[in-house]
């Protein structure tokens, strides 16, 4: 039975500062490094041995993957990066303090931007230096691929496209796959995998550093789902 394990990266420096991070390549905080180590240790204790790891293009997810693989003594396996596993793009909210945004726009609009399924925050202008087209990570990407804002639904669509294209075929082959990514990215994936409604997904939380395990049969039907915490 093939296993898929989703892990949200450990706490980042901007998580600590309560800022909207999105595609900004913020590093892990010391606490986040420890969270990643503990995730790897828990997976080792539970007997996991992965065939391949995927991460986003962002260092907080990449480093989380590396730390987990090191704890499992699996640094030799393929560790592939796919931008479609990036965090949701927060548009004009990128880099702003969440409490300050809430005070400015009001709680109702703040929750709509932050937690709703299909409402994106205000977009970045194309000449805003926070736009991904100015980021060297994406210098070879067609500009039309790069978002200036995203809803959770947008995030889910691109992440699940990567899942169906790259991950699902490996699970069908019986491979065990680790994905280290981001809170909204994983929330969107869980929504589709678990069949969570648009109304219920805003209340669903993804904790940092807690592995979420899916067990699949040969037909890619989910047979079991659980967290290792």
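The chain as shown is numbered from 1 upward.
In case you wondered, yes, glycine gets a Cβ from its N, Cα and C as well.
Not measured: the values here are computed from a predicted model.
Now, the feature entries from Swiss-Prot:
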type: BINDING; residues: 8-15, 21-22, 60, 87-90, 98, 114-115, 183-184; note: substrate binding site
type: ACT_SITE; residues: 9; note: active site, tele-phosphohistidine intermediate
type: ACT_SITE; residues: 87; note: active site, proton donor/acceptor
type: SITE; residues: 182; note: site 'Transition state stabilizer'
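Looking only at other Cβ atoms within 10 Å, the busiest spot among the recorded positions 8, 9, 11, 88, 98 turns out to be 9. Reduced to three states, the DSSP call for residue 8 (substrate binding site) is strand. Residue 182 (site 'Transition state stabilizer') has its Cα within 10 Å of the Cα of these binding-site residues: 8, taken from 8, 14, 98. Within 10 Å of the Cβ of residue 22 (substrate binding site) there are 27 other Cβ atoms, across all protein chains. Closest in space to the residue listed as 'active site, tele-phosphohistidine intermediate', of the recorded positions given as 22, 87, 88, is 87, taking the CA atom of each residue.
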